[in-house]
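Colleague: Structure in structure tokens, see below.
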Amino acid sequence: MLKKPLSAVTWLCIFIVAFVSHPAWLQKLSKHKTPAQPQLKAANCCEEVKELKAQVANLSSLLSELNKKQERDWVSVVMQVMELESNSKRMESRLTDAESKYSEMNNQIDIMQLQAAQTVTQTSADAIYDCSSLYQKNYRISGVYKLPPDDFLGSPELEVFCDMETSGGGWTIIQRRKSGLVSFYRDWKQYKQGFGSIRGDFWLGNEHIHRLSRQPTRLRVEMEDWEGNLRYAEYSHFVLGNELNSYRLFLGNYTGNVGNDALQYHNNTAFSTKDKDNDNCLDKCAQLRKGGYWYNCCTDSNLNGVYYRLGEHNKHLDGITWYGWHGSTYSLKRVEMKIRPEDFKP
């Protein structure tokens, strides 16, 4: 006889009895089946970490590339700005030069018109003979002018630089040192005729200076050191003798703020050059001090000496010196010598 299969109710009863009778067995069964879930979760976490690391690496690489590109762009912008500034400065310089040349051309045109209006019968008071006479005819802009020839004296046309501003204006500049581009270690003939660039460093020429100082004349010497300090010295009754008198220097009273007067020592001395020694010393001062000047024995000043630049300016005896200010071995940065009539009225 066949047995009937056990019903669901029967199986449920068996399970309950087993649970009550042997609870430890069920716990072992439960513990045996659960570890699969944590292992699965750990594996999933590792994959996510790897993905995150890969994303971070990609972002870091992208950020690095962006930084490099930004640096390149920044350098390019800086270079463009620098180039624009340089171009702007060049344009400003060209514009300034053009304005200066335009002003000088206008001055020359006006002077030529004055020359055309002049006659041989004019008095000396009407003639144009230096920057002070130009000033009195209302030329008030500093710059280059051409003085007309003097038929009575037989002097040729002369290009001069006029200072129409300093201490009332009307000054004719006879010497300038500011760039060091022109050597002042010259011979007698060159100092007689003049040399250099009228807009830069130059010596006007002893013959011209002699002619300009035949009337009572005032001399002004302006100096600048390498620290930017400015000083001046002025002398009344400045006279430069003729060539027969070796362009001898004569000076009157000194005024100024440069300290000790370092030009008075050269008063009443003849002019000397490397090929014509007229000093009052056994030594050949022009060769020792490497300039053309009114050397005595030898100098308290040497305004036509060697131009030494910053760093070399305080080591030599043959520089552009003024002993009463910085001593015998300090070469100045800038010097100008200028003259105008004693009776000049701004």
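Every residue gets a Cβ built from N, Cα and C, even glycine.
OK, Swiss-Prot features for this one:
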type	residues	note
SIGNAL	1-26	signal peptide
COILED	39-119	coiled coil
CARBOHYD	N58	N-linked glycosylation site
DOMAIN	122-343	domain 'Fibrinogen C-terminal'
DISULFID	C131-C162	disulfide bond
CARBOHYD	N253	N-linked glycosylation site
CARBOHYD	N267	N-linked glycosylation site
DISULFID	C285-C298	disulfide bond
Colleague: DSSP on C298 (disulfide bond), three-state: which is it?
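Modeller: The residue in question, C298 (disulfide bond), is coil (DSSP, three-state).
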Colleague: Among the recorded positions listed here (C131, C162, N253, N267, C298), which has the Cα closest to the Cα of N58 (N-linked glycosylation site)?
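Modeller: Going through C131, C162, N253, N267, C298 one by one, the Cα closest to that of N58 (N-linked glycosylation site) is C162.
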Colleague: Which of the three DSSP states, helix, strand or coil, fits C162 (disulfide bond)?
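Modeller: In the DSSP reduction, C162 (disulfide bond) maps to strand.
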Colleague: Within 10 angstroms of the C-beta of N253 (N-linked glycosylation site), what count of other C-beta atoms is obtained when all protein chains are considered?
Modeller: 10
Colleague: Relative to the Cβ of N267 (N-linked glycosylation site), which residues of the same chain, six or more apart in sequence, are found under 8 Å away?
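Modeller: Non-local contacts for N267 (N-linked glycosylation site): L249, F250, L251.
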Colleague: At the Cα level, what's the spacing in Å between C298 (disulfide bond) and C131 (disulfide bond), rounded?
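Modeller: Cα of C298 (disulfide bond) to Cα of C131 (disulfide bond) measures 33 Å after rounding.
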Colleague: When the Cα of C285 (disulfide bond) is compared with the Cα of each of the recorded positions C131, C162, N253, which one is closest?
Modeller: N253
Colleague: Restricting to the same chain and to sequence separations of six or more, state which residues have a Cβ under 8 Å from that of C162 (disulfide bond).
Modeller: C131, L134, Y135, Y139, S142, G143, V144, Y145, G169, G170, W171, T172, I173
Colleague: Would you please pick out, from the disulfide-bonded residues C131, C285, C298, the one with the fewest other Cβ atoms within 10 Å of its Cβ?
Modeller: C298
